[in-house]
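To start, the structure itself, in structure tokens.
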Amino acid sequence: MRDKGDYLFTSESVSEGHPDKVADRISDTVLDAFLAADPYARVACETLVTTNRIVLAGETRGPSTITREYLAHLARLAVHDIGYEQEGFSWRDAKIDVLLHEQSVDIAVGVDAAGNKDEGAGDQGIMFGYACSETDALMPAPIYYAHLILRRMTELRKIGDARAAGLLPDAKSQVTLRYADGKPVGTTSIVVSTQHEDGMSQDEIKAMLRPLVTELLPDGWMCPDDQFYVNPTGKFVIGGPDGDCGLTGRKIIVDTYGGAAPHGGGAFSGKDPTKVDRSAAYMCRYLAKNVVAAGLATRCTIQVSYAIGVSHPLSVYVDMHGTERDVDHARLETVLRELVNLTPRGIREHLHLNRPIYVPTSAYGHFGREPDDRLGTFTWEKTDLAPALKAAFGR
């Protein structure tokens with residue numbers, strides 16, 4: 001995204017009932033079950049969901065008390081919470097196959113710490129984090145509002161509110177924002193596709209959703225009515241895993257910054273925090289957000305890279321996109337390394353990641369969320385590093 005000039009930028013989100021998000025939810029449910037039993041459990045759980053079928057596959061290392069029957073039960077509870085009790089996909093009737101097996105010893109030997117050896121990364125890879133001053137959450141505005149629309153629709157649906165009457169779990173949103181001199185000033189178009197009960201008309205759903213969406217946006221930001229597209233094909237009754245097969249890890253741009261920042265390619269859900277695809281991406285977001293919160297820049301991208309079995313990052317890169325305020329990039333890279341231990345273990349300890357905190361991340365974005373000290377969730381969204389960054393640069 002450009003820092004100056006006039007342009008349009010679009011991001012999309014999907015609801016927790018989208019097939020890929022159902023898969024993400026189940027994978028993170030499995031992960032949390034293992035971490036609740038053993039904070040040092042290893043999990044890489046992939047889920048496939050289709051018409052009345054759920055398949056769990058992958059690798060784990062943890063307590064034998066976590067049985068396949070228990071995991072199947074948890075998968076049903078996850079589907080029930082999302083709200084699927086339909087003929088083609090129901091928490092009651094779906095057949096569940098649990099095909100998880102032990103983690104490879106060849107991977108474990110590179111990750112486990114022994115003697116004085118530091119714990120290595122679980123794989124090679126590159127990870128990115130990003131923050132900007134467009135919203136209070138320090139997130140890009142298009143993805144922020146795309147998430148907000150669907151979260152609100154889901155909240156109302158689950159409590160039986162009339163403002164979401166007849167809506168079903170599967171939904172998508174897409175928000176196009178107009179930028180003037182590099183700053184968001186309003187929407188030019190919004191798309192909302194939502195599964196619904198049979199018999200509801202397109203006009204009825206649009207009339208129900210327009211005030212809901214309008215109240216979530218800043219004053220004057222709502223697009224013209226002819227640019228507010230609701231169920232553009234006219235009907236969306238068959239949805240969820242009965243309409244499309246869902247797989248873990250297929251919504252990585254929705255999960256992060258909506259295309260406003262680079263992505264290293266690794267998905268998050270179902271992976272324990274020894275997998276730097278997840279934990280290092282969380283740390284990069286934490287660092288970038290604190291750079292912006294400290295007032296050192298209004299935009300910040302951070303990249304790190306790792307090799308399997310090697311504890312320290314091979315590289316740390318910072319880009320403030322020309323928005324820095326008397327801050328040298330090389331100096332900032334050094335300061336970040338000094339303030340935070342960027343080994344896999346250091347990341348997990350700093351952000352307290354060895355806990356069952358991942359189910360809430362499985363929909364509506366891993367970033368831009370509110371940290372909850374009681375639940376221990378979204379610790380990477382805290383800005384507690386900002387004072388140290390300010391001090392390091394004499395602010």
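Note that the numbers count up from 1, one per residue, in the order the chain is shown.
Cβ atoms here come from the backbone N, Cα and C positions, even for glycine.
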Per Swiss-Prot, Q103, D244, K275 bind L-methionine; matching candidate in E59, E197, E204: E59
Neighbour count (Cβ, 10 Å) for D20 (Mg(2+) binding site): 24
Most crowded position, judged by CB atoms within 10 A, among E46, E59, D244 as binding-site residues: E46
Nearest-integer angstrom distance between the alpha carbons (Cα) of D20 (Mg(2+) binding site) and E59 (L-methionine binding site): 20
